[in-house]
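According to Swiss-Prot, the protein has these features:
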REGION    1-20  region 'Disordered'
TRANSMEM  42-62  transmembrane segment
TRANSMEM  113-135  transmembrane segment
TRANSMEM  145-165  transmembrane segment
TRANSMEM  166-186  transmembrane segment
TRANSMEM  209-229  transmembrane segment
TRANSMEM  241-261  transmembrane segment
TRANSMEM  290-310  transmembrane segment
TRANSMEM  321-341  transmembrane segment
TRANSMEM  345-365  transmembrane segment
TRANSMEM  380-400  transmembrane segment
TRANSMEM  409-429  transmembrane segment
TRANSMEM  440-460  transmembrane segment
Amino acid sequence: MTSRIQMHRTSPPPAYGTSAPPSGFTLGASTTSTLQRWALPLLLVAFGLFYLLPLTSHGLWIPDETRYAQISQEMLLSGDWVAPHFMGIRYFEKPIAGYWLIAIGQAVFGDNLFGVRIASALSTGLSVLLAYLITRRMWNDPRKSFAAALLYMSFGLIAGQAGYSNLDPQFTLWVNLSLVALWFALDGRSTRERLLAWAGLGVACGMGFMTKGFLAWLLPVLIALPYMIWQRRLGELVRYGLVAVLVAIGISLPWVLSIHAHEPDFWRFFFWHEHIRRFAADNAQHTRPWWFYLPLLVASSLPWAALLPGTFMQAWKDKRQAPTGFLLLWFLLPLAFFSLSRGKLPTYIMPCLLPLAVLMGSALIDRINAIQGRSIRINSLLNLLIGVAAMVALLYIQLTRPVYGHNEMLGLSLVFIMLMGWIIANLLPAARPLQYWPAPALGIWLLVALLPAGMPGFIVHNQMPDQFIKEHIEELRQTKTLLSNDLGAASALAWRLQRPEVTLYNTEGELKYGLAYADSAQRKVSMAEVGQWVSEARKQGSVGVVMRVKDVVESEEVALLPPGGKRYEEGNMLVLILPQSQP
């Protein structure tokens, strides 16, 4: 067994496995000091420009964003911060903490797009800060700290999810915090410092557990146990780990007991349906082959994908060094665990990307110090190829089968600007890789900032139904009863009107469990019942209907509704205003 490797920080650098920069390319003390002073402010400016400003530029995507917006808004409306409800119906697929943060965003900034998405953006920003801090702790090199934070902030999957309201950025933050705290605990110089870090680990595990479940406890153990065995520090894990366990229990126990008292079936459903069934059952949701995450890892790391081979080679070479070994365990073991699960979604591997960014940042700066820009140039040329191919495809499609109408030139212009920015951002490092290596980040930031706002109308009206609902909000607000045949459209309607009581027409989806309760059974009507239901509802007042019509069955659903009233159509979306019937 490898003997314990002492972890220590050197000041000033060089770091593990790093030779001094050759003559001809040096970063002097003043340059290093300047970078150390301005690294975080520069990243903060980029965060504001490319993460925060675009949050209000486009509607809510279905199904995730409308769901999380509505569930969190309903907590504010009902005052129930214990049991999650989706349009007034029990919804036990996730615990509560993720909804808390989205609800706080809406409470502070209002029931708007910024309020719904700010929790994801801030969670990602804090993860960027964690990447910076752990790299600084491991190598004490401002260049590596800046590189790791920049790479993480510009990984395609991370940047894309930062402006998307769901629970994965939050959960990723808690996992990242737990493992950064673990490293700080292991590398602490004093007992007080170690205890604080172990307590921080407990806070992260408790919040992660209340965001997405037991995985928040499993992942730190999955990394800590083999690492401590390797380092011959298992006794330390047992002694200090108890602090983290007690803090995690203290954080989560009040809600655990409260939800059990409010909804005794919550833990049965959540444990078996969301953990055991999703991981091992033959009928698991989102079933994918074991290798699903391998190509996805390459796509997720764009615009830095061509740096992956060099990163892995350098990491394997340095695997016996404590920082690199820790990061490799953090990257590989969760990736293997998620690959073994039957149910897979792209965002599940987000907790693997921070250690990848740190390893990549370290390897990148080592190559720059050694005046080795070949991999940077290859990476930029790959990105150039992608950008030029996308530009040619856009022009060809627009000329032959236009996807943008004559009144959508703004959207087309935004996409064109985004692609030109991507191309220019990669031309610079292709020409001078050692000087302009950070430039590809600008390309991906322009993409996540401009592409959603530049979507053609047929995507907006089909995938962001809240925008079509917003156009008819005043008429819908005056209706007495609401009906919808699609959960995404229904939740968008409920969120825009701040009215959870939307009756579901011939659909149940993820609300199947909640609709089985007797007090929610009346919230669904079938095709056979809809005629009578509408007739009764119109006696009480006007009825607002929002439909998504994508196939023959949904066309038949529309045909069963009574004629008359006001009718508005756009893409697959249909809004009907059925007036109150005369007595």
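Yeah, the Cβs are placed from backbone N, Cα and C, and that goes for glycine too.
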Which bits of the chain, at least 6 residues beyond where the transmembrane segment (166-186) starts or stops, bring a Cβ under 8 A of a Cβ in it?
7, 64-65, 68, 94, 97-98, 101, 119-121, 123-124, 126-127, 130-131, 133-134, 137-138, 193-194, 197-198, 200-201, 203-205, 207-208, 211-212, 215-216, 219-220, 223-224, 227, 231, 233, 236, 240, 326, 330, 347-348, 350-351, 353-355
May I ask for the residues of the chain that lie six or more residues beyond the transmembrane segment (42-62) and have a Cβ under 8 Å from a Cβ within it?
69, 112-114, 116-118, 121, 124-125, 128, 132, 146, 149-150, 153, 159, 162-165, 441, 445-446, 448-450, 452-453, 455, 460, 463-467, 470, 486, 488-489, 491-492, 495
Candidates 145-165, 209-229, 241-261, 409-429; stretch with most C-beta pairs under 8 Å toward the transmembrane segment (290-310):
145-165
Quickly jot the same-chain residues contacting the transmembrane segment (380-400) by Cβ under 8 Å, restricted to those at least six beyond its ends, or write none.
302-303, 305-306, 412, 415-416, 419-420, 422-423, 425-430, 433, 439-440, 443
Under 8 angstroms, Cβ to Cβ: which one of 241-261, 321-341, 345-365, 409-429, 440-460 has the largest number of such pairs with the transmembrane segment (113-135)?
345-365
Looking only at residues six or more beyond either end of the transmembrane segment (145-165), which have a C-beta under 8 A from one in the stretch?
35, 39-40, 43, 46-47, 50-51, 54-55, 60-61, 64-65, 68-69, 102, 116-117, 119-121, 124-125, 127-129, 131-136, 139, 299-304, 346-347, 349-350, 353-354, 356-358, 360-362, 364-365, 438, 440-441, 444-445, 447-448, 452
Look at every Cβ pair spanning the transmembrane segment (209-229) and the transmembrane segment (440-460), keep those 6 or more apart in sequence, and say whether at least 3 of them are under 8 Å.
no
Would you mind listing the long-range same-chain contacts of the transmembrane segment (409-429), meaning Cβ under 8 Å and 6+ residues beyond its ends?
303, 376-377, 379-381, 383-384, 386-388, 390-391, 394, 398, 436-437, 439-444, 446-447, 449-451, 453-457
